[in-house]
Amino acid sequence: MYRPSCLSYVLLVANMWSFAVCANAFIYGSYDPSHNIPIVALMTLCATGLWLSTSVVSFGIRYVRVRVSPEKTQNRTIYVSSGLPHFDPVYGVVKKCEPMGGGPAIELQVNPSWIHLLPTSPAINKVEVGQESAILGSTYSVVETGGEPKSLVAVKSGDSTLGFGARVYHEGMDVLMVPHHVWYNDKPHTALAKNGRSVDTEDWEVEAACADPRIDFVLVKVPTAVWAKLAVRSTKVLAPVHGTAVQTFGGQDSKQLFSGLGKAKALDNAWEFTHTAPTAKGWSGTPLYTRDGIVGMHTGYVDIGTSNRAINMHFIMSCLVSKMETLPPELGYREISLEDVGLRSFEFLEVEIENRGKVKLGKREFAWVPKGKAWADMLDDDDLPLPPKMVNGNLVWADAQESFDGALPLNLLAGGRTQCLAAQIELGDYKFSCGPTHETGGMPFRNCGSSTCKFREVSRKPVADAVTAATKVFPELSELGWPERGSGAEIGSLLLQAGKFVPTKAPSNLEQAYNNLLSRYPRSKPLACFRQGTWSFDAIFEQVVSKATSAEINQKASPGVPLSRLATTNKDLMAQHMQFVAACVTGRVPLLASFEDIHALSPTEMVEMGLCDPVRLFVKQEPHPSRKLKEGRYRLISSVSIVDQLVERMLFGAQNELEIAEWQSIPSKPGMGLSVIHQADAIFRDLRVKHTVCPAAEADISGFDWSVQDWELWADVEMRIVLGSFPPMMARAARNRFSCFMNSVLQLSNGQLLQQELPGIMKSGSYCTSSTNSRIRCLMAELIGSPWCIAMGDDSVEGFVEGAREKYAGLGHLCKDYKPCATTPTGQLYAVEFCSHVIKRNKAFLTSWPKTLYRFLSTPRETLEDLERELASSPMWHKIQSYVRSIPSPDKTARDKSICNGYPLDQEAISTSYSEYSSKSASAEATREAACCAGAQAYPSWGIHGPYCSGDHGEA
């Protein structure tokens, strides 16, 4: 596919101008011999025509020179077993075999070491030579000529097929994606083949490669003329999603192809995953296709007959090969420093990427080894946006080498604000005043003014017709609805939620509980820019830019108050005002470190001083229970500004990332993913062990965020300071950030400002919300005497304590439910409810399926595959799946076409999920009796049949 370069656009503009000049001069008669411009324009048109002619001739010569020859194929004689094995007194176990094309039969002596494989053993599914494996219960389908993906290509060595690859798009160029062991095989590659046509391979340039069998890939720069001759198109590489249906392709040559279907299964390591699509000899490197593109590349088997292995090329290409400075946001890949590798408890895999360098890989993180990232040398230091400098009271974007220590940083204006922070405050155009106080019976709020940074107020979303129709089948949906929106709903719900706040004093055993909990968390290190006694503006600014461009920033989210006046999304804000945002953060961090008496400031004074921004309040658009809708108690989101989020990332990012990476060994679980069964199983195994120490119990805290106490937040920040080894200035900045955090100014959509009159309350949109809530929840369990606890936010499972509800009430938290977890008759742990999931041994499913289905039926963009990823393990899935497939909406069902090729999807290859409430899984479509499928004919000794196969061949 041709993509015009910048030069092409420049030439187009130049020629358009030249044509206009020539037309005006020679056609309309305004030519003046004394003017040189028409002559120059005419010369430009002539030169461009000559250049185009030369380019066409050059391409034609290259096109003609590329030789196309018939693909070499290998003729084989296939013998089919025509009877059961029998014992011969001379030769042992033998089988009678007949050639498929007819002819005399032969007797085959079975190797004694293989006799035990004759029954339906998984080992019989392994390919005779190589790393491929069929999957027990899987099927192969014949691919019609031309029905395979347009990007698929076979790699040949003479008449043998070494494997398969694909033409994929990568950062402005198309490359051949193929396994390293295929491209650099013992048999040299000689040609690329497609639909019986082949083109000889040459010594083409390699963009990147890795010989390690665990990261087995090569990206080859194949000339465009070769792709054109073979009619191969490019496709995109996508991130794999657990449970996604995938399709493999392969065969002995590029004309007679077969395909297999399976599902992708995520692993802890980002660079690999497993799948259940079958493969065969010569299928190495077959891309794993989904409806929208390629999600991986097959490299071998894991367990013979059970699962195959693939590498996540999205991770490889976007993190290890890409020359871009930012990472993709899809799956939270994180680049860490080599120093941080030593802080992880798990091992890292070190590999070398050709043309890139050495890199260490660990789960979802990676770190480049110094001097190993060769392509980084091509980046100029000047590529980094330069920090600002104050010159004569003005902000100048030029080289600046300023530093600051414990004194006020930079050149501060009156009131202790940097120039950028002053400009940020002016954007909000705050009109502070002393208004009336709203007495809620809990946390009081006072009207303190208004802001011109307002947000659109829209009406309540109507109930979709699809939801109304579905209530006849799923009456649970009638108990849900969309909440009201706008400032009226926000202030009403705020006062209701704030009424739950019950201020309490720190308990007497807080110090002991603090020390006990502290010992269960890993220790990190602060960013290098904070370790020195004197902070460098440039060092902090550079680190802020790195954080601001990371994949962890939600590009679609609002920047909050007041920067929403500059852009509606973080993506647009960073694209247009990156330097300004980075300068604000770089000014705010040392400003926080400079205040020793911040407790004397009111929330509005903190905003006026530039220490923090107002927190925007809005109603989350998710289905709410009807009882909450009647009460007007909606779920509120406290959107912390992007500047304050980046301040928190600078101060607490290292510790948060370490806790995410180490989630399996610590009480806090923000890093877990219950949609991946092996992670859910790891949680359950851990809980079963803890259950033997003290019986497990589930606690449901009502309105947790709105009942968080200031002493709980202080305990969390002090733990962060110790765990992160914060130097004095950084520790002061951290404490002051938390002081701003627990004494906030809230803003409604209409610009109304409200000030907290008491410290406390968790802000749901903070970068630290998940980690802080998890630690506070574990601290609460420690305070009431529970011997163990795991927590994800406000959800927890803990050791049972008598009178727990009353003890939690004494801490200021309303525990509306506290019950022991389900056990077996022998007392072993049977199931737990955690994070809206029921977790059992080797099983986890979402309990809030009505909300998920309600949202699905209300959103036309989602497909059945999206819904299946969330609810496939739910006991309700079969009923939901049957209903959704009956809806006359092709966008929702997508059931009639193959995932990428347009022919019918094999209903037996991917069975529906099992429900423990049904005696058997949903039956597949009835098979038809017919002649044996070509898949069984091609692989007769495997006992493999297609969906409509009579089973006449392949019997052992």
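Numbering starts at 1 and runs along the chain as it is shown here.
From the backbone N, Cα and C atoms, a Cβ is placed for every residue, glycine too.
According to Swiss-Prot, the protein carries these features:
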type	residues	note
ACT_SITE	H181	active site, for protease activity
ACT_SITE	D216	active site, for protease activity
ACT_SITE	S284	active site, for protease activity
DOMAIN	135-330	domain 'Peptidase S39'
DOMAIN	694-808	domain 'RdRp catalytic'
TRANSMEM	7-27	transmembrane segment
TRANSMEM	37-57	transmembrane segment
TRANSMEM	77-94	transmembrane segment
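Across the structure, H181 (active site, for protease activity) and D216 (active site, for protease activity) place their CA atoms 7 angstrom apart.
Sequence-distant neighbours of D216 (active site, for protease activity): residues of the same chain at least 6 apart with a C-beta under 8 Å from its C-beta are P179, H180, H181, C210, T299, I311. Secondary structure of the domain 'RdRp catalytic' (694-808) per DSSP, as helix, strand and coil residue counts: 52 helix, 24 strand, 39 coil. If you draw a 10 Å sphere around the CB of H181 (active site, for protease activity), it holds 21 other CB atoms from the protein chains shown.
Mapped onto three states, the DSSP output places S284 (active site, for protease activity) in coil. Mean pLDDT, taken over the domain 'Peptidase S39' (135-330), works out to 87 on the 0 to 100 scale. Its Cβ taken as reference, S284 (active site, for protease activity) is surrounded by 26 other Cβ atoms within 10 Å in the chains shown.
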